[in-house]
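Novice: The structure's right below; bear with me while I get my questions together.
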Amino acid sequence: DDPSLERHFKGHRDAVTSVDFSRNKKHLASGSMDSCLMIWSMKPQMRAYRFMGHKDAVMCVQFSPSGHLLASGSRDKTVRLWIPSAKGESTVFKAHTATVRSVHFSSDGQSLVTASDDKTVKVWMVHRQKFLFSLSQHINWVRCARFSPDGRLIVSSSDDKTVKLWDKTSRECIHSFCEHGGFVNHVDFHPSGNCIAAGSTDSTVKLWDVRMNRLLQHYQGNSAVNSLSFHPSGNYLITASNDSTLKILDLLEGRLLYTLHGHQGPATCVAFSRDGDFFASGGSDEQVMVWKTNFDAADYGDVVKPQKYCSSVDGTHGTGVEMDCGIHHKKTKTQDSGRTHEQQEEETSLANTLEHIMGQLDVLTQTVSILEQRLTLTEDKLKECLENQQKIIQNKAN
């Protein structure tokens, strides 16, 4: 089946810059040049929330893995962490000395990586918003930064036309990929963690193996690629381009699968839901669209033959490029047969309980941070009052 438009959200008053699904798929967050965040409910007739707080355009949004926090970065140089509820409370931290283009949580939800026009990538502890370290070898704006699924690596892309791979522990740049001919707008890790994809203003998408640092695939489009997202199976990649289209690439076959026309004007952002059933897109037409994936209905494990080779698709060199970076090793049903149904259920319920506790901790941490901020504000106000009183007393004495 072809992908189909499921929902259509209107409410932003300027270009949409970023979209992300919550883990349970009940909500979708979007950021916009109108300085607002919106949280949309996937249930029909449920109202959307508009979060105000940033003083300038919101460039990026992302839900934490538990879904209990939402991070946003802005042209006002700050990052905010929100509790995605009706109150929309947030803590703010001065993150960079220029526009914050990208925010991304590590998969354990403990760390946050941010990228900025100040040419740096910064890593933070989510708890107390504590700054950990800076990565600063880019020589132009950094558009995007992402943790690898295991949290050991960071990848960043920049207007200096490079994609850099960093080791989080040693904080060193392991490799620079310099094959792009334009600004690199977006980069992300494949779900296996073994390769990365990057989209550029040179109208290409390139995939590299990060173990051998070699180019795996190259897709030539006809306009700047603004954003991309891997399907959780790792078999598909979706892109959003300046020519207003979304393109779905089949990574196993190494070819373009679908071109979707929905937006009027540039498609600025795109993201698959955590389970891959849906994807969302945003555009400079102020619209947020949710699409039903449809094309992945079959069980990947049964369909995909291991070690499949793919050709590079750019019309010019049809050299066969291998794509074996763990793309299709979805567990087939037989591997689970050793464990009883009860064991699986117990594990699931335990995992859910732990997840719930972690989520509650997130909210508590965040609430404490908000209270701390308020206390600081109160203390500042008190100090100001006392100083004013002193001045009045001194003036009277004089």
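Including glycine, each Cβ sits where the backbone N, Cα and C put it.
TrEMBL does not curate its annotations; it predicts them automatically.
The following feature annotations were taken from TrEMBL:
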type	residues	note
REPEAT	9-50	repeat 'WD'
REPEAT	51-82	repeat 'WD'
REPEAT	93-134	repeat 'WD'
REPEAT	135-176	repeat 'WD'
REPEAT	177-218	repeat 'WD'
REPEAT	218-259	repeat 'WD'
REPEAT	260-292	repeat 'WD'
Novice: Would you confirm whether the repeat 'WD' (260-292) and the repeat 'WD' (51-82) meet the contact rule of 3 or more C-beta pairs below 8 angstroms, pairs 6 or more apart in sequence?
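Specialist: No, the repeat 'WD' (260-292) does not contact the repeat 'WD' (51-82).
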Novice: By Cβ distance under 8 Å, which residues at least 6 away from the ends of the repeat 'WD' (9-50) in the same chain are close to it?
Specialist: 56-63, 65-67, 70, 72, 74, 82, 84, 86, 88, 268-275, 277-278, 280-290
Novice: Which residues of the chain, 6 or more past the ends of the repeat 'WD' (135-176), have a CB below 8 A from one of its CBs?
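Specialist: Contacts of the repeat 'WD' (135-176) (Cβ under 8 Å, skipping residues fewer than 6 from its ends): 98-99, 101-102, 104-108, 111, 113-117, 119-123, 182-189, 191-193, 196, 198, 200, 208, 210, 213.
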Novice: Where else in the chain does the repeat 'WD' (51-82) make close Cβ contacts, counting only residues six or more beyond its ends and a cut-off under 8 Å?
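Specialist: Sequence-remote neighbours of the repeat 'WD' (51-82) are 14, 17-24, 27, 29-39, 88-105, 107-109, 112, 114, 116, 124, 126, 129, 355, 358-360, 362-363, 366, 369.
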Novice: Helix, strand, coil: count each for the residues of the repeat 'WD' (218-259), based on DSSP.
Specialist: 0 helix, 26 strand, 16 coil
